[in-house]
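Participant: Pasting a structure below so you can have a look.
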Amino acid sequence: MPINIPDDLPAASILESEKIFVMNENRARHQDIRPLEILIFNLMPSKVETETQILRLLSNSPIQIDIDLLRTETYISKHTSQDYLQHFYKTFNEIKNKKYDGMIITGAPVENMPYESVKYWKEFCEILDWSLTNSFSTMHICWGALAALYYHYGIPKHPLDEKISGIYAHVPLEYYHPLLRGFDDVFYMPHSRYMTVKESDLKGDLKVLARSEETGPAIIMSDKLRQVFVTGHLEYDTMTLANEYKRDLEKGLHPVIPENYFPDNDPNAAPKKLWRSHASLLFSNWLNYYVYQQTPYDLLKIGRS
């Protein structure tokens, strides 16, 4: 799928070096089709890394996509320059009158805080409310998933005895569900979190589509098929967990070595990426079956989910 992003976005050169089709703005303007409008609400400190990971996965389909990047306005990121944020990112006030075919809400490194103590919680809740009427389908990732389950359904998060960090085996619970089409009987997903949700707490119109014995529910979807909650990080690069581990070591946090990740459990050994194909499948299936096939041609007709 050609993704239409600003010509000078750093992710563009990275993706082009990987032979991923990135369409420049001028060429996109001359395409006689309606592209999918996708909003990425990026809450991660490493903006460029997260943008690149998600854009890489959105590129695996034949439909053109226009991307908007959204940042918080009530909290200013300390890890990304203001010039960068102002150049490439929009605030909620700038996009709140717009409709989107799909939206992705990332994780955030704030999971040990009570939700209401997060500096941008009020703004985050306003955007969650807005997403119900202005995004046809929304995918929530890690903290974004836990926080949305809490806000929309009142489902609490539960602290873990120690951080879940590593690559874990998962099983699909509904093999023929369109979101999991093409998934193997066992697939692998990275996790990196201190909190979880209990399957017994999931209620209402929520359905668990995939789970892990070690990490619990991993892919959850609403019965209306417009909200997806992924508790892990299929978007992660090969070295993301290694970089997190080394970062925490340098901070003196005594992190556990990510499970099932480094060969022979040796942090100096190069890890293998075991989740690449299923990451592509999940994002491609979501885009095809729950965005492209379902969203109205006239975006103004998108209503409450």
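Think of each number as a place in line: the chain as shown, counted from 1.
Placement of Cβ uses the backbone N, Cα and C atoms for every residue, glycine included.
Per Swiss-Prot, the features are:
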type     : residues               : note
ACT_SITE : Cys142                 : active site, acyl-thioester intermediate
ACT_SITE : His233                 : active site, proton acceptor
ACT_SITE : Glu235                 : active site
BINDING  : Lys163, Ser192, Arg247 : substrate binding site
SITE     : Glu111                 : site 'Important for acyl-CoA specificity'
SITE     : Ser192                 : site 'Important for substrate specificity'
Participant: Determine, to the nearest whole angstrom, how far the Cα atom of Glu235 (active site) is from the Cα atom of Glu111 (site 'Important for acyl-CoA specificity').
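Facilitator: One finds 19 Å between the Cα atoms of these residues.
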Participant: In terms of Cα spacing, which of the recorded positions Glu111, Lys163, Arg247 are within 10 angstroms of Cys142 (active site, acyl-thioester intermediate)?
Facilitator: Glu111
Participant: Please report the Cα separation of Ser192 (substrate binding site) and the residue listed as 'active site, proton acceptor' in Å, rounded to an integer.
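Facilitator: Counting only the Cα atoms, the answer is 8 Å.
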Participant: To see if you understand the setup: which same-chain residues, six or more apart in sequence, place their Cβ under 8 Å from that of Lys163 (substrate binding site)?
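Facilitator: Counting only residues 6 or more apart in sequence, the Cβ neighbours of Lys163 (substrate binding site) under 8 Å are Ser192, Arg193, Tyr194, Pro255, Val256.
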Participant: Say we define neighbours as other CB atoms within 10 Å of the CB. Which of the recorded positions His233, Arg247 has the fewest?
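Facilitator: With the recorded positions His233, Arg247, fewest surrounding Cβ atoms within 10 Å: Arg247.
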Participant: Check Arg247 (substrate binding site) against DSSP and tell me helix, strand or coil, would you?
Facilitator: helix
Participant: With a 10 Å radius around each C-beta, find which of these recorded positions (Glu111, Glu235) has the fewest other C-beta atoms nearby.
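Facilitator: Checked Glu111, Glu235; of these recorded positions, fewest Cβ neighbours within 10 Å: Glu111.
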Participant: In angstrom units, rounded to an integer, how far apart are the Cα atoms of Arg247 (substrate binding site) and Glu111 (site 'Important for acyl-CoA specificity')?
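Facilitator: Arg247 (substrate binding site) and Glu111 (site 'Important for acyl-CoA specificity') have their Cα atoms 17 Å apart.
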Participant: For Cys142, Ser192, listed as recorded positions, tell me which one has the smallest number of other Cβ atoms within 10 Å.
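Facilitator: So among Cys142, Ser192, the recorded positions given, the one with the fewest Cβ atoms within 10 Å is Ser192.
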Participant: Given the substrate site residues Lys163, Ser192, Arg247, which other residues of that chain have a Cβ within 8 Å of the mean position of their Cβ atoms, reported in sequence order?
Facilitator: Ser165, Leu241, Glu244, Tyr245, Asp248, Pro255, Pro258
